[in-house]
């Protein structure tokens, strides 16, 4: 396939191969190319919004169907280059953290440097390399930075298929990877989607602590622990607090239970290595952080954007779910009066602690968590 730019003939098939090789050299594990036609995704997106499954994420409703129309973000866009980059660290310690209720569990994607800047920088370099090769090119990189349906694009580009938990799954890499897109104005040959591999499996649906996967491929964000601990600005609904356990930022349960993540690949990026203060952290230590300490530890981290107040809110809930301890009650009492939102969660946590003390309750893990830990220890030995 030949194409001319400023009278310069281009072999687009060769260019597509070059782009994929350049992407690998920049640290992406896979590069695919697709067109901009996402009309098939619009009905499901509209139905999801109509049911208010986006919760307080008003920006999702505000941009509406633009999310399914990449060409409106960069006029003249003909193709989307979709990339993925592994983020799983070598010492993930999934099970050992989840089964110790005195530790805080942080979703493993957030343990290292904020991925947005890293991926966007690499995508920009890829765009510049294509531009230099072609002589002329309009491009724009995206990493969760614009209203775009990145998962349907990744699926069309052959990076994987959409699992019933709504994440992209890859036969050789599971789902522990980030996605990014580069919009360009060249009619490159496109890749083909891969065959889906979920079959009749519903493990992700049944393991979800809060029942957030309300039907296959549909997540009600308002019930999702990742939403509750990251996106929700106000009080966490009381009914969900006991189910959150010790998860203080995000949740990986639906990925951990997935059989395909037995093939997950470790990251090559040193920037995604866990920060010591965030990896298997003691809840009491986290709850003692001042705002200055929080900002210092989370500098350059995705966690920083939730702010100190919501961080303490999340940790307070986890302390309420921890085994009874005088030290826990003392710590909770010490932060009373700092903010009404925090006070509400502290009062709830103290009530949970007192109930355990009075009933002499020994900490018992919820059945779903027990099952998840067993699956991790048996099937994900490397990452347990």
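Placement of Cβ uses the backbone N, Cα and C atoms for every residue, glycine included.
According to TrEMBL, the cob(II)alamin binding site annotation covers 67, 144, 162, 168, 179, 226, 251, 252. Here TrEMBL flags 144 as active site, proton donor. Marked as domain '4Fe-4S ferredoxin-type' by TrEMBL: 186-218. The feature [4Fe-4S] cluster 1 binding site is assigned by TrEMBL to 198, 201, 204, 258. For 208, 224, 251, 254, the entry in TrEMBL reads [4Fe-4S] cluster 2 binding site.
A map of TrEMBL features onto the structure.
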residue : record                          : contacts (Cβ under 8 Å, 6+ apart)
144     : cob(II)alamin binding site      : 116, 150
168     : cob(II)alamin binding site      : 84, 151, 154, 155, 159, 160, 161, 162, 175, 177, 179
198     : [4Fe-4S] cluster 1 binding site : 161, 163, 164, 169
201     : [4Fe-4S] cluster 1 binding site : 164, 259
204     : [4Fe-4S] cluster 1 binding site : 163, 164, 165, 213, 254, 255, 257, 258
208     : [4Fe-4S] cluster 2 binding site : 165, 224, 253, 254
226     : cob(II)alamin binding site      : 107, 250, 251
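Neighbouring residues of the recorded [4Fe-4S] cluster 1 site, listed in sequence order and excluding 198, 201, 204, 258, comprise 163, 164, 165, 169, 202, 203, 205, 257, 259, 260 (Cβ within 8 Å of the Cβ centroid). Long-range contacts of the domain '4Fe-4S ferredoxin-type' (186-218) within the same chain: residues 1, 3, 10, 12-13, 15-16, 19, 32-35, 44, 48, 53, 78-79, 130, 134, 137, 155-158, 160-166, 169, 171, 224-225, 227-228, 240, 243-245, 251, 253-260, 366, 368-369, 371-372, each at least 6 residues beyond the stretch ends and with a Cβ under 8 Å from a Cβ of the stretch. For the recorded [4Fe-4S] cluster 2 site, residues 208, 224, 251, 254 set the reference point as the centre of their Cβ atoms, and the other residues of that chain within 8 Å of it by Cβ are 165, 204, 209, 210, 212, 213, 219, 225, 226, 253. Other Cβ atoms within 10 Å of the Cβ of residue 252 (cob(II)alamin binding site) number 24 in total over all chains. Sorting the domain '4Fe-4S ferredoxin-type' (186-218) by DSSP state (H, G, I as helix; E, B as strand; all else coil) yields 5 helix, 4 strand, 24 coil. As a whole-number mean, the pLDDT of the domain '4Fe-4S ferredoxin-type' (186-218) in this prediction is 97. Of all Cβ atoms in the shown protein chains, 28 besides its own fall within 10 Å of the Cβ of residue 254 ([4Fe-4S] cluster 2 binding site). Max Cα-Cα distance over the annotated cob(II)alamin binders (67, 144, 162, 168, 179, 226, 251, 252) is 25 Å. Looking only at the binding-site residues 179, 224, 251, the densest Cβ neighbourhood within 10 Å occurs at 224. Less than 8 angstroms from the CB of residue 67 (cob(II)alamin binding site) sit 45, 60, 147, 148, 149, each of them six or more residues away in the same chain.
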